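First the structure, in the form of structure tokens, and then the observations on it.
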Amino acid sequence: MKVSLPAFEKARVLVVGDVMLDRYWVGPTGRISPEAPVPVVKINQVEDRPGGAANVALNIATLGGQVQLAGLVGQDDTAVALTLGVQTLGVEPQWLSIADKPTITKLRVLSRNQQLIRLDFEEAFDKADSVRLLKQSEALLDSVDVVVLSDYAKGAIDQPRDFIALARSKGVMVLVDPKGSDFGRYHGASLITPNMSEFEAVVGTVTSEADLLEKARGLLKEHHFDAILVTRSEKGMTLVTANAPELHIPTVAREVYDVTGAGDTVISALATSLAAGADLPQACAIANTAAGVVVGKLGTSTVSRIELIEALALHHGESGFGVVSEDQLAYALEQAKLRGERVVMTNGCFDILHAGHVSYLKQAKALGDRLIVAVNDDASVKRLKGEGRPVNQVDRRMAVLAGLASVDWVVPFSEDTPQRIIARLLPDLLVKGGDYKIEDIAGGAEVIAAGGQVQVLGFEDGISTTAIIQNIMANQ
């Protein structure tokens, strides 16, 4: 599957659920305690990170989505720390403060990149607290496209069926990261994302792939879900819907350091992608890739858009050079700019590649680090040059160009001018051969407006594709 990132900045998501503070005490261990056979950790670093539903919200914000966050907290210093943690990424929380309950805190002691112990500070919230939170959140439904219910069984999401029904009636998708053995609580949700343990806690032991699909479809029918995405660790993910074949997405192989928050990353990437307009298979592939990134980090972490672009390019074959699609080139171009490389772009028909072309492309490449050549497809060449052209089909023209040492990427376009593709890619330098005026070069205005430059290069006199064709015909 070729995966394209949607415009995450268009995503509008509401996250409701169990928020918590993940606190880390970190330090070296050099000896065993004389009091008990346990290591002594000399703490030299303390770090607080938003966790649970708050981590989901931060993941969405890090990807570039617009996110609102609602959850239950205590009236304590931990709530203040949690608030500051989410506000650093522009997330303004809609807390419901409960006077007689602490803000949930999970304290982890780490040494040498290993977790030694976890201490939980929490008390379950009352059902009435959940009712008030969901009622408060109803007012936010008109301003979002997707709702995430992040359920850690701490009391924030107790009986959400009415809330789900209201959201669906407003055309808002509801995604649920479930907990517990009763998925009926989430009746009518658009999508639920159980891991394999959570799935089997509800349906029983899964004995085969066919058994998994049968049990998943049973849940779809029983609880009126649109889809179930089962996350399966090293086996990747399986998406099951009522009206389409199942989709198996293999895991993104990499070394796993910490699975903390991986489920948060999956549902946040799903929600952001769907809210930005991606279809469900694309959103699942993006979520799978994001999870592969986050398990390579220690502790509760987020995934940035750049990290996601790099991972997609690596695992979906979209970072290479040579002949590429426009979407593939967009990924590769972002990577190049991230590396600080200067990107040059030119365009043309290049019907019969000749010495003049080679010289021109060599000059263009010398002006930067990477060279893009956009090539007119066959239909546009015929419109521009007339009957009998092109002599060479676009695939052959691009293959020859890609073989030149000076050319990094070759991409086709179908319009008569390359203005649209240039405006999308926005190279650092746009070059054109011949006697053009800069203001007449297609795409030049867009490049200049974005801070780039436009330059005209000379062609070698006496050499042209038309002249070569005429010479061949004259000698027949």
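All residue numbers here begin at 1 and follow the chain in the order shown.
Here the Cβ of each residue, glycine as well, is placed from N, Cα and C on the backbone.
Pulled from Swiss-Prot:
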- Asp264: active site (ACT_SITE)
- Asn195, Met196, Ser197, Glu198: ATP binding site (BINDING)
- 1-319: region 'Ribokinase' (REGION)
- 345-476: region 'Cytidylyltransferase' (REGION)
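Features recorded in Swiss-Prot, as mapped to the structure shown.
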residue : record           : Cβ contacts under 8 Å, 6 or more apart
Asn195  : ATP binding site : Val230, Thr231, Arg232, Ser233, Gly263
Met196  : ATP binding site : Val206, Val230, Thr231, Arg232, Ser233
Ser197  : ATP binding site : none
Glu198  : ATP binding site : Pro178, Lys179
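Mean pLDDT across the region 'Cytidylyltransferase' (345-476) comes to 86 in this model. Take the mean position of the Cβ atoms of Asn195, Met196, Ser197, Glu198, the recorded ATP site; other residues of that chain with a Cβ within 8 Å of it are Pro194, Phe199, Glu200, Ala201, Val230, Thr231.
Within 10 Å of the C-beta of Asp264 (active site) there are 31 other C-beta atoms, taking all protein chains into account.
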